[in-house]
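Report on one structure; see the data block that follows.
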Amino acid sequence: MKKQNNGLIKNPFLWLLFIFFLVTGFQYFYSGNNSGGSQQINYTELVQEITDGNVKELTYQPNGSVIEVSGVYKNPKTSKEETGIQFFTPSVTKVEKFTSTILPADTTVSELQKLATDHKAEVTVKHESSSGIWINLLVSIVPFGILFFFLFSMMGNMGGGNGRNPMSFGRSKAKAANKEDIKVRFSDVAGAEEEKQELVEVVEFLKDPKRFTKLGARIPAGVLLEGPPGTGKTLLAKAVAGEAGVPFFSISGSDFVEMFVGVGASRVRSLFEDAKKAAPAIIFIDEIDAVGRQRGVGLGGGNDEREQTLNQLLIEMDGFEGNEGIIVIAATNRSDVLDPALLRPGRFDRKVLVGRPDVKGREAILKVHAKNKPLAEDVDLKLVAQQTPGFVGADLENVLNEAALVAARRNKSIIDASDIDEAEDRVIAGPSKKDKTVSQKERELVAYHEAGHTIVGLVLSNARVVHKVTIVPRGRAGGYMIALPKEDQMLLSKEDMKEQLAGLMGGRVAEEIIFNVQTTGASNDFEQATQMARAMVTEYGMSEKLGPVQYEGNHAMLGAQSPQKSISEQTAYEIDEEVRSLLNEARNKAAEIIQSNRETHKLIAEALLKYETLDSTQIKALYETGKMPEAVEEESHALSYDEVKSKMNDEK
């Protein structure tokens, strides 16, 4: 109940409504007290009433250049004028008093006094008083003062918590953490051993700067952490602060930019001022590309708010006196869009690429995230790491979290191998849709489609191994085949990429050979194949006709002018022809493989229709012997990790 009242009080509309009634009521009651039973008349009416002898008393008071006149009628008058708020019909009232204002051009005080005396009216003269002036002034100013007071109070509440007032828009929004509050250490960051080695110097400088400065060394003013999302860039920055034992100021790049001009630059100055007071300290700017994009290409023109903020950031990082002991660590996914002035030596002069972890790194990451999870004995994290190539730390954490959720839904007390297997499928392809009604014809189409991918992958197995195939719908896919690399690869050869292209074409080719139809199930296959083939031609120089030339590099930024065409129409045509040639070659290769292995292709498709999901051991048995393993034929069940381990050993 208390929270509801606070919400009502802080509602701006209710405040404005309250202030309106307050001011209106104040003015109404003030005017009502001063004018009850009285009417305002002009100078002509005043002279007429005095001449008619209907004025009993007359009081006038000089008020600057005008004369304020009031009086009492001998014979009260009746009036139907509204003197206040009327809710129904106006009432008839008796008017005994009157007021009037006489200008210097109307008459003089002596003439008015003589006229009133001649007609037997009692005249009273009041000297000009300053109190009346002050009362009128207060009546005019007090309501507006109250209005502005409440408006500023509301702006203070809406200006953000933490005691901010409406004048504090320019204060830094960074979250400050004292060294005692930072519990993250290098041991908590797994799978980034090389990256940690690059940051050791930063930690050592913050701990003992004299050891470097006496040799004339200059520690990097800024460290740029670049890498895909989820690789642990923020965690690395916290670990540096934790190991060095220094305060940590964290802020997002988007927090600098506001609709008010100059706010971003002011926040940058405020951030560095706070860091200087706490030096030595670390400033961490997450997603710095939000504020550090190249100047002159923004949507707001050449002198927009973002550019002013960037200019101030450049100035603060440029080695001004007093910045010693402050190291700026920034994280981004797109260093290619950052302003060159931000990346020059003296600012972000050290760049650390935080890449995807290898199999050992993935295993170490899994061990870190499995500390608070009860795992069964059949769970082998090394095997999970082998099955998740390309996964980053966030993906691996998500796998274990999904496994815990799956185990909870199944009312288990520990997480076993089947839970992790299901979690991997959910992360890769989405939740299964077992209740989705699929016609028998469509099931056959999907089975032969996935069997086409599988048979091509089995034949072309130089770099990748078929790990799993299923026709259980997940996400938007009717089925899928997973092929894992035999080992972590940083480089792909032209032949490896051609094999992948042929594997992607296997599904559509199988549809055409078996059913003589073309379905929409191959749309994602074509998308991946086209992207890969175009990259081979335009980025990797793998076209014999076009040669080792890169035609497409960094993509244009949002807000930048359209990039000038660096290739001719003829070259663009030749690029399209080369891409088409690669895809047709892959298609023909897939067709040749499926035609040569029609019986095996049919066996895999029929097994998929019966069991829905096949693992690597079952697929290998069908390919080599034409039969399913006997243990699996007896009963369909979720594979244990012991079975998966034996399959992985067989694949090797």
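A Cβ is built for glycine as well, from the same backbone N, Cα and C atoms used for every other residue.
Of the residues Asp378, Asp380, Asp525, Swiss-Prot puts just one in the Zn(2+) site with His449, His453: Asp525. In sequence order, Leu225, Ala331, Asn333, Val354, Val392, Gly393, Ala394 are the same-chain residues whose CB sits within 8 A of the CB centroid of Gly227, Pro228, Pro229, Gly230, Thr231, Gly232, Lys233, Thr234, the residues recorded for ATP being left out. Ranking the binding-site residues Pro228, Gly230, Gly232 by how many Cβ atoms sit within 10 Å of each one's Cβ puts Gly232 at the top. Around the Cβ of Thr234 (ATP binding site), 16 further Cβ atoms fall within 10 Å across all displayed protein chains.
In sequence order, Ala192, Val354, Gly355, Arg356, Pro357, Val392, Gly393, Ala394 constitute the residues six or more apart from Thr231 (ATP binding site) in its chain with CB-CB distances below 8 Å. Non-local neighbourhood of Gly227 (ATP binding site): Lys233, Asn333, Leu353, Val354, Gly355, each in the same chain, at least six residues away, with C-beta under 8 Å from its C-beta. With a cut-off of 8 Å between CB atoms and residues at least 6 apart in sequence, the same chain places Asn333, Val392, Ala394 near Pro229 (ATP binding site), listed in sequence order. In the three-state DSSP classification, Gly227 (ATP binding site) falls within coil.
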